[in-house]
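For reference, the structure is listed below as structure tokens.
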């Protein structure tokens, strides 16, 4: 900052420099779930929800959110996503909808935040569309499952 | 839709009509948490994290996200938020950062989604800023705690 | 503009003043269509398109776009939409998908642009999802069908 | 998606993978038109319209929309546009304003949607600015005219 | 925040509560200027600038930015703007373009930030469009000139 | 534009073509300041301001705005920012907060506008958060300080 003295030498938020890193293929997979009563789960499965087809809307919302991650998360680098998928699994035993997002790019940094954001917004959309049935649903266990590419290579949740 | 025949009579997503509802004061409180190792928690508490002051950034990100809820969640009504707050509590026993968002409006429908979105984006921001320390953090228990106002009145999580 | 002299007395773009108008219930209906070959139409109807379920995605895209009309159309007033629906009809005789959007608000000005924007973005989404099958599709006849409410009252296309 | 079972094996919307494609120069040209009465056309030509200079506003709106295509069209890849132009021609014989958009990029996929989106939003802006004169205007014949670059090479409308 | 203990009792950013305030008519006027060489000023006046008509683009950019103020300024309330105008004056004596924005609303809080944001983004647009001619231009004296309405009533710069 | 005749041969705004330029490392540094009374300055320094921690919020707002420059400035190219920092210096002698933004990219055109936009939005955020204390603050001297990279090489303000 030239002649300017930093007000606080530590703790200033900043988007860290990735300009020196090479562009490489990177992928991230994230998961999460929405817990709900079995009645709510069955009505979503049957497509019988006041606001309409829950999973189709949640999928689109998650994909769109992945593309806007850099606008939502202050210090995230904007990245040219080359692929985005959001899928669901109805888990009747645990009375939950599992969400999985896969995002890929060719860039200087990874797409972990894009995958986690896609899962989170898909989960919020499920909540929104079914909340007339059950306000007590919870979003749980939003987590990175795997990332590949970049200098740090592959990371996999144990 | 006049003479047009609906392709699918059921399951079509739609933003439901709230035009006939009166504008009333409404509030929603949501909470969630980011689970992490005690080492990561202490470094966030000490402000010693590569991307900078985690909680200040997460607070701003959460408030901004509350205002953009209608852009992210497909069938949410856009609402004129009149108040938004995001707070944190370090829970060393459970090794987690608890997040609470309070959002208020004077509108025809409630701000539950705004509060939940603020919590989710604040949680994602915490993850982003500390992920260089620990990729295995998880976002847990994102939930509505209370809503007041509107025809359905007060709802409180038991 | 006080003592400032306008550079050009005429022709300056501006968002016209609606502050003196009362808030009233308003609705607008718009329609348009995407023309395509009968083969493309049948593959969309069958859900057999590379990018996935065309109409579900187009519906969500149209509804989301209605909410962002004020960001896209420079001199449009931002309005609190209270209802938005997008529907489709497969017209095999004319080899087209007809799109209809209905948008409502309680505001100082109407939602014609919101309905037309929803139709346009739904049409663009259909094009995008089916363009691997047929690049020659055209978007036709995007038009206001009806508006109600406000000082000028009901307008209906003849 | 690992051990998760897809809910619906077919028809799931997804942003298709383009990560393996090389970055190449690409261009797309799209056109469309706004049909109106000759009186409205002459008032736009004369700059005598309540909201101001119609074509300057429509041009800016179209260029800005091209840059936001990835936010509007759910499964579009975000692309770094390297050029965007929007032009108009007053067609007095057909009583229409013709709109043409040219967009270029160096990327892994094409800018057809960016060009079509620019035309559509420019057309909507023309409608918005002149709708006080004539609500019955229609947007017609929004179409891809030509694309160049990429593996599939040049496509030209016959 | 119920039983949660605030991490920092003071200094937490928050969107302050305006829900109890009545909706009233409010207006704000802001001004600023872009200083440049007389040569650059004359080329802008003549419309002879590489990127095109500077003032038309700056006007549209300023109006659009006014509508997005709540997205840009973290603790600003989103407001339904009812009017927005941006005007310019070429000041050859001081070799500057003066910018004035007027914004109005009927809302619970004022539009000072909307007017200041419109001026700032119009100024940045002027800079962008003329920077090929002169990189040393400066944006000066961006200020509130007057606000009316609300509990605090009229404020006028002396 | 093929056979179409341009309505106005000159002055049409356009995003100029940068597709032929190579991608190179580029950086820009911009500065500006917010002038205020010494009382306001001391209250910001002490963190004693109604809306909360001013500089942390302004820093985040500036960084986020840098990423959205292409949405705000009509003819700016969207760029993949690789680094963004915003810093402040309290200048008690001149009773001002100085703001500095540094932005870097690897792209076909420079990030001057991103740095200037970050400074402007940080300045607006300071104004917003302290305006309850003093409405007469002014934003001054927003300027490019230095740019490096690209064909035109280094430019430095004298």
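Cβ atoms are placed via backbone N, Cα and C, with glycine included.
All annotation found in TrEMBL is predicted automatically rather than curated by experts.
Annotated features in TrEMBL:
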- C:128: active site (ACT_SITE)
- C:75, C:76, C:77, C:113, C:114: substrate binding site (BINDING)
- C:15-150: domain 'Molybdopterin cofactor biosynthesis C (MoaC)' (DOMAIN)
Next on the checklist: Below 8 Å between Cβ atoms and chain E: which of C:75, C:113, C:128 make it? I'm asking about the recorded positions.
Outcome noted: C:75
Next on the checklist: Suppose you look only at the domain 'Molybdopterin cofactor biosynthesis C (MoaC)' (C:15-150); what would the mean pLDDT be?
Outcome noted: 95
Next on the checklist: Please count the residues of the domain 'Molybdopterin cofactor biosynthesis C (MoaC)' (C:15-150) that DSSP assigns to helix (H, G, I), strand (E, B) and coil.
Outcome noted: 45 helix, 47 strand, 44 coil
Checklist entry - How many Å separate the Cα atoms of the residue listed as 'active site' and residue C:114 (substrate binding site)? => result 21
Item to check | Protein Cβ atoms within 10 Å of residue C:75 (substrate binding site), excluding its own | outcome: 24
Checklist entry - Looking at the recorded positions C:114, C:128, which one has the fewest other Cβ atoms within 10 Å of its own Cβ? => result C:128
Checklist outcome for this item: residue C:113 (substrate binding site) has its Cβ surrounded, within 10 angstroms, by a count of other Cβ atoms equal to 27
Item to check | Interface-adjacent binding-site residues, chosen from C:75, C:76, C:77, C:114 when a CB lies under 8 A of chain D | outcome: C:75, C:76
Checklist entry - Which residues in the same chain, at least 6 apart in sequence, have a Cβ under 8 Å from the Cβ of residue C:76 (substrate binding site)? => result C:15, C:69, C:70, C:113
Checklist outcome for this item: A correct count of other C-beta atoms within 10 Å of the C-beta of residue C:77 (substrate binding site) gives 23
Checklist outcome for this item: Taking every pair from C:75, C:76, C:77, C:113, C:114 (the record's substrate binders), the biggest C-alpha distance in Å rounds to 13
